[in-house]
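A.B. asks: So that we are looking at the same thing, I have put the structure below in structure tokens.
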Amino acid sequence: MATGPGTAGSGADREDPKNEQLEAFRAHPAQDLLTTDQGVRIDDTDNSLRVGERGPTLLEDFQAREKLTHFDHERIPERVVHARGSAAYGYFEAYASLADLTCADFLSEAGLRTPVFVRFSTVQGPRGSADTVRDVRGFATKFYTREGNYDLVGNNMPVFFIQDAIKFPDFVHAVKPEPHNEMPTGGTAHDTFWDFCSLQPESTHMLMWAMSDRAIPRSLRMMQGFGVHTFRFVTADGRGTFVKFHWRPKLGVASQVWDEAQITAGKDPDFHRRDLWEAIEGGDYPEWELGVQLVAEQDETGFDFDILDATKLIPEEEVPVRVIGRMVLDRNPENFFAETEQAAFHTANVVPGIDFSNDPLLQGRNFSYLDTQLIRLGGPNFSQLPVNRPIADVNHNHRDGYGQQVIHSGTSYAPNSLNGDNPHQAGQDRQPGVFQHYQQRVDGDTIRKRSGSFSDHYSQATLFWNSMADWEKQHIVQAFRFELGKVENRAIRKRMVDNLTHVDHGLASAVAAGIGVDVPEQTGTANHGRSSAALSQQNLLPGDPGTRKVALLAADGVDVASAAALQSLLKQHSVTVEVLAAHDGSLHDGNGEGTLPVTRALPTTASVLYDAVVVAGGAESARTLAADPDTRRFVEEAWRHGKPIGALDGGAYVLPPYGPADPAGLSDSSDSRTPTASDLQEGVVVAAPGENGVDDFADAFLAALAAHRFPDRPPVLT
Ligand code: HDE
């Protein structure tokens, strides 16, 4: 087993056939002399071969030529969409046999574990763009099953912008940066995107998701995932059932707020990547449950929408989600390029027991993913790259091509007599472990036409809007105002507002008021009033603060005992407390009773990188902090972003509602300043003086952390 940077701890030690396979390809740091690609030992890689010390370099210098040539070819094209991504390995574990629904081997047995590789991504931005942009997130899972690779290439939202794959190039050309000036990077707040969407009402439902907080996740570990399309489960005897896939994060669904996301993009553009990496390195393995919505073949047309239309979801009130297994990510890749960048997902990578529906978006994707890898990975042999290799045996007659890694012998055609007609075909009779397409009867005229059953573009957008909590609605309005407010062309703004009147007149009016568009007339489409509780993030919070990160602000004179006690109490709930101070090193206790190690110096970090902030106890520390503009900004920013805010004894002085501008007003005995519970605003927790102070504080603070945000707290400090 490899060790060193990039190799996670215990997760790497479990039994894992994919990891064993990868080991054969790993090159560990050499403890030997430097060589050329040809294995020739080199004396000097710092100086090129030249004529005299100050003379020209010689073409004969094969070492310099090789080194530079390799370097010149180190880049491959980035993905045309989903270029920025982060990935991890892990396993999927089935809860029970699903043999009555599908013959898929990896779903055939309770407890059966299948290795997986999951890549999360943003869609619009290039490889180097920031993580916390407003965007859809990709959620692509490769299951290395015993019957071959199965890829579930999904997103963190259950619907899509368009209904037919032939529109994808138009959509992507519109969403990508503007063609003349390559702006903006990573976001959709520009004319071409809104021009397209305002003319393409089928995008409206997805726009509601994209303008909601789902598009600015707190963490990749706190997002749902969806297969989006309707797929099919198929049993050993060929019976089909329509299926929609759902990933549900154990940590609940949580988001940043927009101001926070924008600041994070500058403070730490790798915020999500780092969060995923560090969680896995630290043993906080992210986990999701896999759920399915099942629809019998005969019920295909029994909904008031078409289940083949990817701009629609199946409300969970109509078809509940059945949980069938869980996925744990417990190992970081070792080499970003080799694994995360070269991973090739494909919707048509299915295994026996899983098949497609006629969703025209899915049908097109089944062409596009293989096609794109041919240019991105330079030829047809990319499935031989270590990350893409199945753990199942591979036997075929494909030969040659760029980068062929296999020395095949014998015949490469069928039928043959020279190799006993091997590899031989399984034949048409159903046999276990052999892929057979679902047999469906198809009959119709050749026609280039959208089905009438795809024509309702607004009902589910309204359903989504109606299902939001008030604060979610506010965020959606603000997002539309932000995005459309950046659109230069006023006609596009107006057209988009007109579209929104079909979703909800109040929504359209609120957006219009912010972007200089006349509030529209009430149109014919009245709000149907239906809602679905499963769509609101308000109902998807974890109820468990595990893996959250708390900033403990402190200065010399800190009460070390209470700070250390808090760190250890929260650690028991997998909550990390980092001590931040104006300088690195350690802080002295006000009572001369020890020191508190500083985790990070304040200038190297930022409020947006934490889930909550606590001001440490100790009068001298509080006095220093209250006078420090960086500390005040830190706390105020957390306040504005609705985060839990706490203070240990004496620290309350620094909290915005209590701290006077003049720190000299603080008496040495801070007790008299401790606010009572009724003074406190939502999400503000202050330790009472006394022995149980820290314990009680920890309990109340953990509850506040589990609530994630306090959107009803006044955003402006008073
Ligand atoms: Fe993709 N998509 N897509 N997509 N997609 C790609 O494949 C495409 C769609 C999704 O981490 C590309 O390897 C078409 C829906 C993810 O490597 C490309 C259509 C959903 C990823 C492509 C769609 C997705 C991709 C670019 C319309 C959610 C990243 C590079 C029919 C269910 C996978 C690549 C990874 C990547 C085509 C629509 C998810 C060009 C034609 C709907 C997560 O082939």
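Glycine too: its Cβ is placed from the backbone N, Cα and C atoms.
Feature list, courtesy of TrEMBL:
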| type | residues | note |
| --- | --- | --- |
| COMPBIAS | 12-21 | compositional bias 'Basic and acidic residues' |
| COMPBIAS | 408-422 | compositional bias 'Polar residues' |
| COMPBIAS | 667-679 | compositional bias 'Polar residues' |
| DOMAIN | 35-422 | domain 'Catalase core' |
| REGION | 1-21 | region 'Disordered' |
| REGION | 408-430 | region 'Disordered' |
| REGION | 659-679 | region 'Disordered' |
A.B. asks: Taking helix as H, G and I and strand as E and B in DSSP, count the residues of the compositional bias 'Polar residues' (408-422) in helix, strand and coil.
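C.D. replies: Going through the compositional bias 'Polar residues' (408-422) residue by residue, I get 0 helix, 0 strand, 15 coil.
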A.B. asks: Where DSSP helix means H, G or I and strand means E or B, what are the helix, strand and coil counts for the compositional bias 'Basic and acidic residues' (12-21)?
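C.D. replies: Counting residues per DSSP class in the compositional bias 'Basic and acidic residues' (12-21), I get 7 helix, 0 strand, 3 coil.
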A.B. asks: Would you mind giving the whole-number mean pLDDT across the domain 'Catalase core' (35-422)?
C.D. replies: 98
